[in-house]
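Working notes, structure below.
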Amino acid sequence: MGLLGSLLGILGFGVGISIGLIVGYFLFIYFEPRDVKEYPESSPFDEIEPNSLVDLLPELPLWVMNPDYERVNWFNEFIANMWPYLDKAICGIIKSTSEPIFAEYIGKYQIKSIEFEQLTLGTIPPRLHGIKVYDSNEKELVFEFAVRWAGNPNIVVALKLLSLKISAQLVDFQVAATARVTLKPFVPTFPCFSNIVVSLTKKPEVDFGLKVIGGDLMAIPGLHHFVQETISKQVARLYLWPQTLDIPILDSSIGAVKKPVGILHVKVLRAQKLLNMDFLSKSDPYVKLSLGGDMLPAKKTTVKMNSLDPVWDEDFKLTVKDPEAQVLQLHLYDWEKIGAHDKLGMQVVPLKLLKPYEKKELTLDLVHSLNPNDPQNKKPRGQLMLEMSFIPFQEDSIKFSGPLSFHERKESISSLSDDISLRGAGLLLVTVIAAEDVEGKNHTNPYAIVVLRGEKKKTKARNKTWNPKWEEEFQFMLEEAPLKELIHIEVKSKKRRFGFRSKELLGYVDIQLKDVIFNGRINEKYHLINSKDGILHVDIRWKVI
C-alpha cells in the first residue's frame, strides 16, 4: 500500500498541474482584466488639451512658459561635466566654514565632538530651467534664472554627547527657486564688477529627508510640512526681494568712480611781500586754484598789474569728491605778455583740516615746491591769505557731521523742506555716456556739445563710428535750481580735409531739468531730433548744497 499510495500521489500531482495550466491558459485568453485602463492614444504636443498638459507636465520650465527666457542646455552640460569637481570644492568650503562653528559648541552642553562622517552632494547636479537678461541704463548686468535640484546628497553629521554618539543624515534634498542676480558696478579691474547682489523673486520650495539614529524624522505626521514651511519662510524673509544678499568681489575703492560729495568755497583775499620777477617794474601776480586728483581745468583769479601786495577778494567754488584725501593746490604766477609765466610760489591745504560748514581763515607761507630738500624754499616768497569752507551736499551731510553738530544745524536732513531743494543752489552733473545709430551724410566722427545758460561743454570726438562711447562728465555750478530750464545737447560730426574743417549736425535733444530737480537724478536714453534712428544716453544728477 505504501508503494501504491506514492504512485497515486505522483500521478495526481502531474494530472493536477496539467489541468491547471490548461485552465489558466484559457482564462488568460478569453477573459480581460477589468482593473486595467486603456493606454491613451499618442497625440502631437500642440493638440493636447491644457488640463491634460498640466497633468503630464506639472512643472514646465521657464523657457516654455515665458518666451523671453532662454534655454541654457550648454550651461547645464557644463555643470554636469564639472559636477564631480564642483562637489569636492563646495564640500571643502562647507567643511572649512562649518568647523569654526562646530568648535564653538564643543565643551558646551556635554558635547565632546561634532564632525562630518560623510559629506558629498551626490552625483546629480542642479539644473537651470531658463535665464533672462534685463536691459539696464546703469553700469550693471541684471539676469534672472530658475534653478531646480533634486539631488542625492549624503551628509552625515556625528555628535558625541558624553559617551553617546548621535548621527544625523540629510538625504533626498530637493529645492526649486527663482533668483535675480545683479553684477555691479562695472569697474576696469578683473573680473570687471565689484559686487554680486542676489535676491529671490518668489518663495523657494524646499524638501528633504532627515534621519536621526536610523529613523526618519520627516515621517512624523505634521512635522514634514511644518519644517518645509518654516525653512521657506525664513529663507524668504532674508532674501526675498527687496531683501538682498550682497557678495563683495573687489574692494569698493578699486576702480570705483568717486562722485562729488560737496562744494569747497574759497575766497582768495590778498597776498603780501611777493617776489619781484620783473626788471623794470613789479610783478603782475595771479592765482591758479585746483583740487588734487581732479581732472577739471584750474580756476584763476584776475591779474593784478604791477603789485607785490595784490588784493583780489574773489570767490571760487570747487567740487569735492574725497575730503579726506584731496588737497587744495594754490600756484601764484607772474603774468607775462610774451613767453612763459614766471612762478612766484605755491602751497597746498589738505581738506581734512576743514570742518563741514565752518569757515576758516588761513595765512600761507609760499614755497617754491613741496620738496623739503629744495634749496629754493629757503628764500622768502611772501604770503597768501584766503578763506575756506567745505559745504557737503544735502544728501551727504550725515557722512561728515557728527550727531551733535548735525542737530546743531538749523535744519536737519529729515526736516529740510522741498522748497530748499527746489530753490537753493546746487551742482548739476551731466554725464554724456554714449550714442547709438548716429549716421552722418558725409562723415561720422561724432562728439557732443552740452549747453546750459549759455555755457558750453564739449566731449572728445570719436572717429569713424556710429555708436560712440564718451563717458564724460560736465559740471554746472548753479545759484538756483533750473526748474523751468532746458539743457540742450547736440551730437555733431567734424572732419578736416585739405586744411578746411567741415561740421555736420547728427541730431539734438532738449531735456527738461524739472524732473531732475524733483527726482535728484535721471538716467535715460533719448531719441535724437533730426536723426533717423539716433539715440543719446545721458545721466543727469542734481546735488543740493
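For all residues, glycine too, the Cβ spot is worked out from N, Cα and C.
Since the structure is predicted, the reported quantities are computational estimates derived from the model, not experimental observations.
TrEMBL lists 68-250 with the feature domain 'SMP-LTD'. According to TrEMBL, the domain 'C2' annotation covers 241-364, 408-526. According to TrEMBL, the transmembrane segment annotation covers 7-31.
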What is the three-state DSSP composition of the domain 'C2' (408-526), stated as helix, strand and coil residue counts?
13 helix, 63 strand, 43 coil
With helix taken as DSSP H, G or I, strand as E or B and everything else coil, how many residues of the domain 'C2' (241-364) land in each class?
3 helix, 57 strand, 64 coil
Average pLDDT across the domain 'C2' (241-364)?
88
